Amino acid sequence: MFKKIINPLKWRVNTQALWISFLMPTVLMVGYFAYRHMTPFGHGSILTVDLGQQYIDFFAGYKQTLLHHPTDLLFSFTKGLGGETFGDWAYYLLSPFNLLLLPFTNAQLPAAILFLTAIKYGCASWSMAFALRQIRWQKGWALPVFGLIYAMMGWFVANQLNLMWLDGAILLPLIVVGFERFLDGMSHWRLTLSLTLIFIVNYYMAYMIGLFLGLYLIWRLFWQPYTLHERLVIIGKFTFSTLMSIGLATVIWLPTAQALMESKGQHMLEGLKNQLAYPPLDLVSKLFMGTFNFEQMKDGLPNIFVGSFVLILVWYFFTHREIRWQTRLAAGFVTLVLIISMVYDPVNIAWHGFSFPVWYPYRFSYVFSFWMIWLAASVWSPEVRLSRRQLIGFIFVLVLGIGWSIYRLSALNDLTWMQIGIGVGFLTIILVLQQLQFRGWWWHWCLGISIILEMLMSTVWTLDNFSYLNADEYRTIVQSIETASAKLPQKADDFYRVTKSFQRTKGDPLQGDFNGATTFSSALEHQQSDFMAAIGQPEGDNYIAYDGGTLLSDSLLGMRYVLQPNRAIPTELGNPSTFATYPRFDMLTYPQIAKTNKVLIQKNEQALPIAFAANTDAIGYTSRSNDPLGNQNKLWQSLTGQSENNVITSDNFLQTSGQNLNVPTVITGAFLNKQDANQPAELVLTYAKREGGPSYLTLGASIAAEDVIISVDGETLQSVPSHRHTIVVPLPDTGDVGSQHTIKLVLQKKSLWLQDVSLYTLNAKLLQEQASTFQAQGLKMTHFSSTKISGQIDMPRGENLLMSTIPASRGWTLYVDGKEVNQIKIANFFVGAVISPGKHRIEYRYKVPLLHIGGVVSIGFVLFLMGLSWSESTKRRHSLHGKPLH
């Protein structure tokens, strides 16, 4: 018996087929990655676009959370200035596959992700093969063929970099077959548990699958000539399992829904128009292999490639008269709704939770591909052939589709003559094989190999259109960040933030395991973006970047340490100098506390604690749009209660000069126009070092990287970051008082609007004095974790505002001397409270909103289902005992 188990040659045919279903795409994908020399097979990597710029950082944070900081699963100060992370985990990180990444270091993650991706290809194939076997539609060698078609469909390949979505495609066949088995009289647990699992693993994909299941139910009601009672039973079974799954997963989706209302919920229905997104017939072009590239990521068409074999069988399904016309009509309705969803914007947005996706459009199109493959698998057998009438109709439709694609070829950026030719070639070969009357032993092999080659060629064609990060570059910069952050103080009950003047991605704090002020997350709270815009930092709906801090903002936000490149000429890929942002010239006088061979670590002695006593004037503070340094100064003044003392003041340029343009007398708001459009043009601004402290430049939203190149004292700055509001740029502060420095703006276009281009100076001595006062009356911390901060504070008279730089959220509760107190939102962002003078015990506690309620509901459903199962098992035992013996 044991020898039979360990010998694959003695397994049953279907068991072998299921193993082949998993192994074939897994091995093929590993082989392709090795061919592309991706690590561990070379110096390349699988990292591209969001996988390299966002998700890999989440995976690094995933490891830190599970192994070292479990409370970061609920709230983390590595998410920008601090944010709820339960929603991030629900979207990005709850896949059980991610546990496979735990043994690997951050530097090894690209290799780990490569194997994880290949495994997901295999699991998708196995899932489809298993479902088809369970429903008894296919068996034997057909299982790995249909499995591979599903795993290498256009959507799966195009979205292999969005690893968290792939679980939805993997679980979909199991969910559908669970429903089918439930209808056949089996237990509801297959459907309930698989549906619950997708709700837990990725609520976004679960939502799309839920909509699709509603359509699938309509088709299933007409599969056979059911009576009204039988149809009601089917609906009842579907409703029961769906409600049970929703109930079991309430602990995940309920608090996540609350978090979404603070992030994505702010943009629901934004940009919606009553229109067709593109000519509907253009969808035909996506049935050709390899029709995906970088341009398609942003605003392309749905990825629905499923191969020629499936197209032939779908045509057979809809035109075969022995299939009930009601079944075909219902299938046609489902297909039509899915096509309309991929063409008509108001329906499309409904599939995305009523918020248009940023990049990767039509994310739900995998359900359409599944539907096509499912219909094809429901009718295929080796005896299937198109009748003469079916064949003529298929060729007619085929010619129309090819003709339209050729007609639109110049307008489609993802289709070429070669793709059309090869696609037609494969379709012809597979159609001929399918129509052959004589089918010897070779027939199965020829058909199977043709199908596999077409799917594999489409996969290679698609993935070759991507550009990938260099593994050595990734490894060097990540290790540089880790090495530098390891030299920072690691006291248990301490809190500080860290800023940098270089950046691989906005997720660097996750890689280095430190509290920063940058993040990139689809679940980013809009308040974080609003505050960063107010103080002059680059931000968007799903990211913030602390690129242009000032000494004042550093002090206020508790930026105690700064990591800067050692300014050496980079000699290897990934050196931090090659990732430099704006140099922090204003920090050059900070003491250096440590260094590595690539990074200098300096300390900001003026960094404030996370909470401190301040003046109640700050309660009335409001910011002004596009006045970042004015906002910083005004907020600081309100905290000190000294409105007459300006820490930051506006300044004037000493002189201006230019070449090939009109030199304005007033810089801010001026329009520059080239006198000769074909010649270079530049504007030179000169400023002087002030006695008080460093200078800063502001740039309005109209000044973009493609419009101008900026250099300071002859050194070209990094390109202007993308920004929607006015941002701050630190300027050199070297030399004696009165020393002159130059800023050169080189126009890249015919004209340039100097929106909010202004000069400011900071009074470093006044800032130091006032910061020292705040430090003296700061919170003396006794405990710190992401969800609990406690300590003692002595509130002086006249300073009744307990100010903190904890981002305000419904989840925070503030206790003073053991009693809960009302919170006040300061600067429309931070947690504050008015308390009496004297010594107090302070405690901040965070609980994910609605998590407790969600947990209670989930436990209630677990108990209900356990009771129901016990009752059913008891009834079965009684019925068995009551049967007569024979």
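Counting begins at 1 with the first residue displayed.
Including glycine, each Cβ sits where the backbone N, Cα and C put it.
Heads up, TrEMBL stuff is auto-annotated, nobody curated it.
Long-range Cβ contacts of the transmembrane segment (16-35) within its own chain (Cβ-Cβ under 8 Å, at least 6 residues beyond either end) map to 8, 41-42, 46, 114-115, 117-119, 121-126, 128-130, 133, 139-144, 147-148, 151-152, 452, 456, 459-460, 463. The transmembrane segment annotation in TrEMBL covers 16-35 (among others).
The annotation transmembrane segment is assigned in TrEMBL to 99-119 (among others).
Within its own chain, the transmembrane segment (140-158) is flanked in space by residues 13-14, 17-18, 20-22, 24-25, 121-122, 124-129, 132-133, 166, 169, 173, 286, 291-292, 296, 302-307, 309-310, 365-366, 369-370, 373, 376-377, 380, 444, 448, 451-452, 455-456, 458-459, 462-463, which lie at least six positions past its ends and keep a Cβ under 8 Å from the stretch. Among the features that TrEMBL reports, transmembrane segment is placed at 140-158 (among others).
Per TrEMBL, transmembrane segment is recorded for 195-219 (among others). Proximity of distant same-chain residues to the transmembrane segment (195-219), defined by a Cβ-Cβ separation under 8 Å and at least 6 residues beyond the stretch ends, is recorded for 90-91, 94-96, 164-165, 167-169, 171-172, 175-176, 178-179, 234-235, 238, 241-242, 244-246, 248-249, 252-253, 256, 327, 330-331, 333-334, 337-338, 350-351, 353, 363-364, 367, 370-371.
According to TrEMBL, the transmembrane segment annotation covers 231-255 (among others). Through the fold, the transmembrane segment (231-255) approaches residues 86-87, 90, 94, 178-179, 182-183, 188, 191-192, 195-196, 199-200, 203, 206, 210, 213, 217, 220-221, 848-851, 853-855, 857-858, 860-862, 864-865 of its own chain, all at least 6 residues removed from its boundaries and within a Cβ separation under 8 Å.
Long-range neighbours of the transmembrane segment (300-318) within the same chain, counting only residues 6 or more positions beyond its ends whose Cβ lies under 8 Å from a Cβ of the stretch, are 145, 149, 153-155, 157-159, 278, 282-283, 285-293, 328, 331-332, 342, 361-362, 365, 368-369, 372-373, 375-380, 384, 386, 390, 393-394, 397, 414, 423, 426-427, 430-431, 434, 447, 451, 454-455, 458. The transmembrane segment annotation in TrEMBL covers 300-318 (among others).
According to TrEMBL, the feature transmembrane segment maps to 330-354 (among others).
What TrEMBL records for 360-379 (among others) is transmembrane segment.
Residues 279, 281-282, 284-285, 287-288, 312, 315, 319, 415-417, 420, 424, 427, 431, 435 of the same chain lie 6 or more positions beyond the ends of the transmembrane segment (391-409) yet place their CB under 8 Å from a CB of it. Feature annotation from TrEMBL assigns transmembrane segment to 391-409 (among others).
For the transmembrane segment (415-433), the residues of the chain that approach it from at least six positions outside its boundaries are 285, 287-291, 307-309, 311-312, 386, 394, 398, 402, 405-406, 409, 443, 446-447, 450-451, 453-454, 457, 461, judged by C-beta separation under 8 angstroms. The annotation transmembrane segment is assigned in TrEMBL to 415-433 (among others).
Taking Cβ pairs closer than 8 Å, the transmembrane segment (445-463) reaches residues 24, 28-29, 32, 36, 141, 145, 148-149, 152-154, 157-158, 160, 289-292, 305, 307-309, 419, 422, 426, 429-430, 433-434 in its own chain, all 6 or more past its ends. Per TrEMBL, the feature transmembrane segment maps to 445-463 (among others).
Remote same-chain residues near the transmembrane segment (850-870) are listed as 74, 86, 192, 244, 247-255, 257-258 (criterion: CB distance under 8 Å, separation of at least six residues from the stretch ends). Residues or ranges marked as transmembrane segment by TrEMBL: 850-870 (among others).
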Same-chain residues at least 6 beyond the ends of the transmembrane segment (330-354) whose Cβ lies under 8 Å from its Cβ atoms: 204, 207-208, 211, 215-216, 218-219, 221-223, 260, 264, 268-269, 272-278, 280, 283, 301-302, 304, 317-318, 361-365, 367-368, 371, 375
